[in-house]
Amino acid sequence: MATLSLIPFAKISPYSRRRSRCDVVRFFSPFTGTLTITVPKSVSRVPAMVSPLKAISLSNLSGLPANLLDLLRASPATWESSIASNLVIFMLGSPLLLSGLSALGMGSAFLLGVLTWRAFEAPGFFLVATYFVVGTAVTKLKIAQKEALGVAEKRMGRRGPGSVIGSSAAGCACALLSIYGVGGSAFSEIWRLAFVASFCTKLSDTVSSEFGKAYGKTAYLVTTFKVVPRGTEGAVSVEGTIAGLLASVLLSTVSYFMGEVSAPQAAICVLASQIANIGESFIGAAFQEKDGFQWLNNDVVNVANISIGSILAVLMQLVIFDGWR
């Protein structure tokens with residue numbers, strides 16, 4: 001018998017391998033766990049130690065695609081189907097992912113992907129994927145010029161775990177609240193809206209910053225409107241601001257067509273993202289890494305930014321739209 005097991009932390013029993021008399025092929029990552037495929041030499045048994053996640057036993061390897069597809073199509077999503085879906089996507093998309101993420105960043109992104117799929121299934125995952133593709137593309141714009149100016153992202157624009165967490169903390173919180181049904185069915189739509197708003201906010205921030213550093217003609221400090229070098233914390237440019245607005249419109253439109261939000265909610269996400277980004281610019285200009293605020297680095301400011309965007313979207317929904325009903 002061939003066995004496909006998803007085993008976190010690679011807890012594989014040596015005793016079980018001796019008794020199964022199998023050839024063992026393992027793919028290990030400290031972040032995603034171990035994907036183990038055991039193929040019998042003669043007669044084998046199911047390994048004595050199985051994953052805490054339900055092991056998927058197949059009668060033969062030829063049945064793997066069909067069984068895997070059944071797991072990927074599971075609706076509503078389960079933890080098993082979420083992990084399996086992300087394993088497949090990350091394996092197939094690893095060249096693209098590694099172009100925009102460090103190895104540790106990729107591990108953090110995998111955890112984000114699992115949470116997103118479990119909470120909001122494929123539409124939510126597609127939203128995050130769109131954010132990643134667009135964000136990575138604008139980060140690479142005129143990367144040599146940005147490096148010469150000293151304003152480029154580290155590692156040739158490949159983002160690490162701090163950046164991933166800073167960009168997705170609010171979205172992960174919304175996913176967990178949705179998964180565990182906090183607030184009941186009445187709040188499920190609220191958590192979904194907040195999730196979308198957080199990524200609209202972050203994409204708008206990323207695009208406005210990276211596009212402004214690449215093409216902005218004049219940058220102004222948001223607190224004083226004094227002309228400052230491109231890439232200065234708290235600086236804005238006309239070109240970057242317009243690009244950031246369009247990016248937010250793009251992602252909210254994708255969310256609408258994926259059925260994540262309604263048309264009014266898509267508009268809420270755009271408005272909330274722009275207000276949050278103005279607030280983030282003020283925080284950057286006035287406090288970021290200043291005396292007494294050395295702890296307020298870019299990742300912390302990102303968390304504040306996306307949290308503000310999410311909270312504003314929820315308040316707009318509850319106060320303005322629900323208040324009119």
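Count begins at 1; order follows the chain as displayed.
Every residue, even glycine, has its Cβ placed from backbone N, Cα and C.
According to TrEMBL, the transmembrane segment annotation covers 87-112 (among others).
For the transmembrane segment (124-143), same-chain residues at least 6 beyond its ends with a Cβ under 8 Å from one of its own Cβ atoms are 85, 89, 96-97, 99-100, 109, 112-113, 116-117, 152-153, 156-157, 159, 168, 171, 175, 192, 195-196, 199, 202-203, 206-207, 210-211, 213-215, 243, 247, 250-251, 254-255, 258, 260. Residues or ranges marked as transmembrane segment by TrEMBL: 124-143 (among others).
Feature annotation from TrEMBL assigns transmembrane segment to 164-183 (among others).
Under the heading transmembrane segment, TrEMBL lists 240-259 (among others). Long-range contacts of the transmembrane segment (240-259) within its own chain (CB-CB distance under 8 A, at least 6 residues past either end) are made by residues 123, 126-127, 130-131, 134, 138, 196, 199-201, 203-213, 215-216, 265-267, 269-270, 273-274, 277.
According to TrEMBL, the feature transmembrane segment maps to 300-321 (among others).
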